[in-house]
C-alpha cells in the first residue's frame, strides 16, 4: 500500500488581492458563500483518501490556524496522521520560510517521521476539485521521479505561471518560471508529486546553494530537468482557478451563480468541507427578491439581490439593491442602498442610502496594478456612513471609520484609508 503525505503551502500574502489580505493570509480569504480558500485543497485531500496532511503557514497565520484547528470538519482529527500546522521554526539557525522549497526543507524531519513513499505538494489558495489519485497513479505508471499537474492557458497569461515543454511521452524537457516570452502555453498548477527520497536529496542540495531563491519553480524543478531527471506533466482537464487578483476573485465567485456552474458545490460525491459558525436558516422577507444568487445560512434579506454571492449572517435592508457583488460574512447593508460590482469584506457596516460601484471607469489611485477590474473593494470592519456615494474601482481600507470620510462622495478610482 502506497504511503502519501500531503504538504499544503499556505503561507502566502496574496498582495494582488489588496485590502482583502491586509489582515489575513490568502488561504484564509472567504470564497463561495461559506468557505475559505484552503478548504478546497483540504477537501480534495480527504476526498482522495489522503489523511496525513501538513499545512505550512507563515503570513498572518492566526485566523488560518483557528480555522483549521484539529481538522474535525475534514475528518482530519486523527491520532495517526491527521492535520498538522507547520509554522516556520524561529529558533536556532532557522527562520522565516525563504521560499517554497525552503519551507519544505525546514520540515524534513516531519516528513521523515511519516516515512512516505510519495510527497504531494499543494497550494492552499486555489479553487478546484481534483482527485489526487489520478496524478499519483500517472506518476507511478510513468515511473516518474516527479510529476507536475498542468493546464493549457491563453498566451497572454503565460507570464503568470511556470511554463513547461514536453515530449510525446509527457516528459518535461524544459521549464521556465513566469517567462516574458513563452514557447508553450502548458502551465504548472503548483501541484507536485515527488518520490520523497528523491526530493529530499534536491532540497538538501538547494539549501546549500547560496545563489538559490529556494523556490520550486525558480530553482528545484529547472535543476531536476537540466540534470535529466524523470519529471512528467500531468494534464488536468477539470475546474481550476487562481483567484490571486481582485478581478479573478470576483469573477470566480460570481461563476458559482450560473445555472450550471463550472464548479459544482452541490456534488454529493465530492463535498467541500469547512469550519463555520452554527447559524439558523436564511430568512427572505416578503419585501425581498432574489435572482440567480447564493444566499448562505443566517442571512436576513429584505431587499433585492441579483447575480451575487452573499455569505453567512449578512443583513440586507428594505429597498436595498445588491447586484453582481460578493458580500462576506456578518456584513450589514442598510435600507435604500445600491451596490453594484463590489467585493465587501467581513463585518462591514453599510449604513442607509449608500451607493457603491456606480460611475465612470477610472484608474485606481491607490495601486493601479492591484485594483484593475473596475471592482470596488471594501475592507473588513469598515463603516460606510449614511448617504455616501462611492464610485467604480474604489478602495475603502480595513477598519475605516465614519471620521475617515471627509466628503460624502468618493470619486471613481479614489480611495479612503483609516487614519490612526
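Just so you know, the numbers here start at 1 and follow the chain as drawn.
Cβ coordinates come from backbone N, Cα and C, glycine included.
Of all the Cβ atoms in the protein chains shown, 14 others lie within 10 Å of the Cβ of residue 178 (alpha-D-glucose 1-phosphate binding site). Among the features that Swiss-Prot reports, alpha-D-glucose 1-phosphate binding site is placed at 97, 162, 177, 178, 188.
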Neighbouring C-beta atoms (10 Å sphere around the C-beta of residue 188 (alpha-D-glucose 1-phosphate binding site)): 21
Cβ neighbours of residue 97 (alpha-D-glucose 1-phosphate binding site) where a neighbour is any other Cβ within 10 Å: 24
